[in-house]
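Participant: Just dropping this structure here.
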Amino acid sequence: MAALQMSREWIGIQQFPPATQSKLLEILGKFKEEDVSSLTVLVMGKGGVGKSSTVNSVTGEKAAAVSTFQSEGLRPSLVSRSRSGFTLNIIDTPGLIEGGYVNDQAVNLIKGFLLNKTIDVLLYVDRLDVYRVDDLDKQVVTAITDAFGKEIWRKSALVLSHAQFSPPDGLNYDLFVSRRSDALLKLIRASAQLKKQDIQDSSIPVILVENSGRCHKNDSDEKILPDGTSWIPNLYKTITEISFNGNKSIHVDKKLVEGPNPNARGKRLIPLIFAFQYLLVMKPLVKAIKSDVSRESKPSWEMRDSGSANRRS
Amino acid sequence: MATFATNGQLTTLPGLLTTPYQLSTRRKYPAPSSSQELRYNAPPASPRFPSLKYCYTSPNRNTEPSSKDHLLKALGKSLVFGSISSIFSGGGGGGGGHGDGGVWRDLFSLATPVAAADEKHSPDWDSHGLPANIAVQLNKLSRFKKYKISDVLFFDRRSKTTASAEDSFSEMVPIHPGEAYTKAQLQKELKALASSGMFEKVDLLGNTKPDGTLGLTISFVESMWKSAERFRCINVGLLTQPKPIATDADMTDREMIEHLRSQEKEYKRMIGKARPCILPGQVQREVMLMLKDQGKLSARLLRRLGDRVEKWYHDNGYGFARVVNFGNLNSKELVCEVVEGDITRVVIQFRDKLGNVVEGNTQLPVIHREIPKQLRPGHVHNMNAANQALNNINSLKVFSSVEINPRADEKNEGGVVVEINLREADQKSAEVTTEWSIVPGPGGAPSLESFQPGGSVSLEHKNIKGLNRSLMGSLATSNLLSPEDDLGFNLEYVHPYLDGVYSPRNRVFKTSAFNSRKLSSVFTGGPGFEDVVPPMLVDRAGLKANITESFTRQSKSTYGLVLEEITTRDRNFEISTNGLRLLPSGGTSVDGPSTTLSGTGIDRVAFLQANVTRDNTKFVNGAIVGDRSVFQVDQGLGIGSKFPVFNRHQLSLTKFIQLKRVKEGKSKPQPPVLVLHGRYGGCVGDLPSYEAFSIGGPHSVRGYSMGELGAARNILELSAEIRVPVKNTHVYAFAEHGNDLGSSKDVKGNPTEAYRRMGHGSSYGVGVKLGQVRAEYAVDHNRGTGAFFLRFGERY
């Protein structure tokens, strides 16, 4: 894998508090047990929802450039880190929305970037502190489905950022989280056209994330959510679960990038089609014209006089 | 993207001309006299022998002013006119009346007005010099006097009445009251009357008038024959007439009977040989009825029968047909002898500007094949056939003037020679035209700056080798101020009679080098997105060679090869590889669907193209009625950029259904018509975006702009229109629908979705046709809003 060569030693892991480090190493050990040497995580979502910040948080490095007030270009970036023979690839993507529509070029660039890679986990990122689900969300989900197929949602998790958020008017935090995630999941199911059975088979897990430096920490200095869970190990745990959930990873090949080539469809039938057209359309048409000619109502003077030779009775 | 342009161009219309049809007295028709026969004599007022002339003169397109007809000059650059040249028969026919002599010198010459004209120029007359109010026998008149005739009366001795005016005997006698005649002349007239066979007995009496003039009374006993049961009409046109043997006064009765018998035999043989007439059974039955109504055959009845028969001929365009004789009188079968006007020769002559006969460049078989069978020797000359020949020859576009001039054959009695006079147009011509066009300025409305001067130069070499082959070249630009922006050229060679000029097959080989520039209707925005999508130009330059076989004037099949280079450019004429989109930030995004198959902005491709058009439409009082089906297929051969293999096809069916029967004729109302139209287009294989089928536009779904509904791989369009005649034009209501059949996504880059188009849409509306312009109000069903449109030309 090309990404392997580019991978750097995962130094950032040492930035985590020891409690987190030990949990992560435990998870890495799991991969080793299963003889998996690398994991590729794709992070997608609208612009400004905290994709890059999440990448930075989970690597413990400033791997992805975060610019607070503007998008950082259209190119996706790969963060590849290896630790004791295991490589973690995280692909950060630019926001897909531009000028109120999904940017087709951005989608194409992402697809091109992912060519010949295998996506083990998709993290669909959105903010927790938003009340509504709108058409843009739908467009983004649809664009992802169109780009990688609906199968990708079986290998995905819904990441809600800005989790350290107090719901308005004394709404219960857990209730708000479930409402928010339900709304988004419903949208994903609709857009991805997952059947009921599919939903039962693999429900999409929800991960809460808080990237802010003001994130509360517990006694072991781990970043925690309002409910007290340490979210980074939790995220890794969920990722691991997804990667082992039995569904196939999505391999991005040429066919997937370019989509089905409509120009190739039916190409082999062309000689047959042409023969059909010649024999069953053009010939009958010419025949019909000829019969028109013979049936044509001629002016009476043309009919009357057949020439002296014929009239010599 | 509604671009509309009006051209204020002067055009030279090769319109159809009214054919001058002229009749003048030219020749007399002789027929043998026999005791059994009645020589039939046409009223002198009506033309005895018509001279017909059909002309077709097309406006001369020469640049040379001297070659232009003065009329043309007078009428300005662009007018259609017909030239009428008449043939003056002069006194030729009448003069012949004196020289013919013998049997011919009979009633016919008597009836010729020219014959009497000889004496007309002498106004002087002599008084009879007799007491008034006495009857004078003709032979009592003086030989040396010129008598002025005051009136002519016909007195039927059998009924003891003066013949009524409707019997129109007076037509037979060219003695006009108020003019002077000598005794010899009057005797001649009497003799002619007596030998006409119409009268058993005829006498001429003078009545002296107090003023010295003479009143004439022609007293007669009309000939009567036994009524016939059957009627037969024969064409005696080119038969050698049996020579009548002069009866000798010295013949004995027996000899006389023998003589009559032999004559009868001769006559029987003649009518046996004769061809039946083309007179239809219906008219023959009508004549039979006329016969039955009258118990006896009177001379006047025969006259009426003859008139009826001749009327049919003349009404149906047989201008040379004459009833010359009634034979077989006093028998059961009445024989009507007609000279129908058989064509003996067709003469094709080329004439120069001065009318001299010259050697033509055009090869004769080219003209021969345009002459309908009915205008060839052995057929009866018919005006309609001549007209068709005229139109056919003119549609060759080789001659500046075509005249068809039938005349009586001098060598062959009863024959007609068709003389075709042609003036060849200049083979080489050059033309320069200029025009103004209005293009929408900023904001869509035309402004003063948006008037563009355009122009074209064309050169033509016509009728190469006299086989109507032609080479044409033209160069045109819609903007003379910067022609490099938009320079169109076309070089075309046309080679007709591919199967030889004698073959009835009509195949034409055509090859051309061309270029064109069109605004792409694929790269255009949907509603609300129009301003975001900059225009894309599709330039095509290439070579084309095809063979067209025409089956009728409208139905044809074409097949050939096309080599093309397609270049897509943005509005600055820079090559563009992808569709463009203006960004809200002011920049331009170039991430749209790729414009070409190769992805470089330039495609080269070779493909076979075939087209079959079946068109049965015709005009019923100006309204088009009938069916039209067009099938076209472009078959890619894998030659070109990215080795394109494709099969692009479209089938369009249009039915114009006449909803009410109407009488056909000039200034009769048009019938109401229902138009049903369907079009399917599809492509299998490589489909570059510029070849995608776009939906929406005046020829697709009205009410939308070109391509407003999408561009797809497969499309279906359905439309219906009902036309109701109002005065000279019609009003109409229509409903249309266009659908991409879900195939927009099968075009690379999905231009329909990329530019926010619906992919399908309907519209309905009403309109009125005003000449070439259609003014219509169409409602766009996607948005539910209506708009008013002015369109040129037809929708279907």
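Even glycines carry a Cβ here, placed using N, Cα and C.
Annotated GTP binding site per TrEMBL: A:48-53, A:67-72, A:HIS162, A:210-211, in sequence order. Residues or ranges marked as Mg(2+) binding site in TrEMBL: A:SER52, A:GLN70. Per TrEMBL, domain 'AIG1-type G' is recorded for A:36-260.
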Participant: Where does the mean pLDDT land for the domain 'AIG1-type G' (A:36-260)?
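Facilitator: Over the domain 'AIG1-type G' (A:36-260), the predicted model scores a mean pLDDT of 82.
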Participant: Can you tell me the three-state DSSP label for A:SER52 (GTP binding site)?
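Facilitator: For A:SER52 (GTP binding site) - judged by DSSP and reduced to three states - the answer is helix.
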Participant: Output the one of A:GLY48, A:GLY50 that, of all these binding-site residues, has the highest number of other Cβ atoms within 10 Å of its Cβ.
Facilitator: A:GLY50
Participant: Give the number of CB atoms, excluding that of A:ASN211 (GTP binding site) itself, located within 10 Å of its CB.
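Facilitator: Other Cβ atoms within 10 Å of A:ASN211 (GTP binding site): 21.
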Participant: Inside 10 Å of the Cβ of A:HIS162 (GTP binding site), count up the other Cβ atoms and send me the figure.
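Facilitator: I count 18 other Cβ atoms within 10 Å of it.
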Participant: Please classify the secondary structure at A:ASN211 (GTP binding site) using three-state DSSP.
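Facilitator: In the DSSP reduction, A:ASN211 (GTP binding site) maps to coil.
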Participant: Hey, what's the Cβ neighbour count for A:SER52 (GTP binding site) at 10 Å?
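Facilitator: Excluding its own Cβ, A:SER52 (GTP binding site) sees 26 Cβ atoms within 10 Å.
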Participant: Name the secondary structure element type, per DSSP in three states, that contains A:HIS162 (GTP binding site).
Facilitator: coil
